[in-house]
Amino acid sequence: MLTTPRRRFAGSRTLTTSLALAASVVLTAAPVAGAQSTTQADGTIALGSLGSSVGTPVSASGSLGSLSTPAYADYVALGDSYAALGDNTTPAGGPEGCGQSLANYPNQLDANHAVGELTDATCGGAQTEDILVDTQYPEAPPQIEALDADTDLVTLSIGGNDVGFGTIVGCITAHLQPAGPDQPIDCREELGGVVAQDIADIFGEGGAVDEVYAAIESASPDATVVAAQYLPLMPASDEDGCLFTTLIGADNLEWAREVTEAINDAVDEAAERNGHISVLPSSDTDRSGCAPVDERWVVFADGSANNTAAFHPTALGQQAMADAIAAAI
């Protein structure tokens, strides 16, 4: 999401404006000299964070690599664009509109010979209802339908769109838009209370994420379930900042860090409460949108150098997540 963690070892739709809308807001941003300009997104904006219960170094290759036969023969990936997207040059097909990539972490995890057949049900813009009951696109039925009693591995990336990542990004970048205000909006004042309540409602006990876990348990009672936290957009340290983080303002940068830490902590707590684990890869070096092009796990508004959709993980970031999941299971 918003802050890059250093190496660690551990595991109401009021605000949920369409992320397609939020992406279109960012896409109208006027280019700023030296800053990342905007390219097309898949219709979803996701941001990443801190708070993993299983933090895996970027150097980890995954503990499954030495197995000669699949430890998990039937793997189903559920989730939003942080699971679906990757390098734009490697489209995987899948449901039209979902933006799946062969470089997403489900496909990179599936490349491990210890993981068997992948059913990739992920879809950009997905919310919890799109896993449980909604047909998101004509070719994208409720994702839970991809599960059955034979499924023995499930990965899950969900909840960020319910909380309203797109609205958060739209707020902190509003003054960069041609018709936007002259100065950064105080997004903590504007959105802080609603965001905090949405995190509590969506991820708290009895909330929508608990309903997702219950549905997974019902459909695939023997499956190992791993929740993926959201890869960070923002650097954890001001020393690793860049023009983009300067432009959004120190107050919004700090608030974004707090929000994303709260979200990923909530992802972890929900997973633990339901008897599962969550993962977030970590690194000794900055992997945020401010990092050098070949070291980024995520991008800001312009992902062209990494051939990646705006405000989403790069292929390298997706590989880091795949490695973290492999190491955890």
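Keep in mind that glycine also has a Cβ here, set from the backbone N, Cα and C atoms.
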Quiz prompt | Record TrEMBL, residue CYS98, disulfide partner from CYS123, CYS171 | solution = CYS123
Practice problem: Give the number of CB atoms, excluding that of CYS187 (disulfide bond) itself, located within 10 Å of its CB. | Solution: 24
Quiz item: Between CYS171 (disulfide bond) and CYS98 (disulfide bond), what is the CA-CA distance rounded to a whole number of Å?
Solution: 25
Quiz item: Which of the disulfide-bonded residues CYS187, CYS242, CYS290 has its Cα closest in space to the Cα of CYS98 (disulfide bond)?
Solution: CYS290
Practice problem: Check the Cα distances from CYS123 (disulfide bond) to each of the recorded positions CYS187, CYS242, HIS312 and keep only the ones within 10 Å. | Solution: none
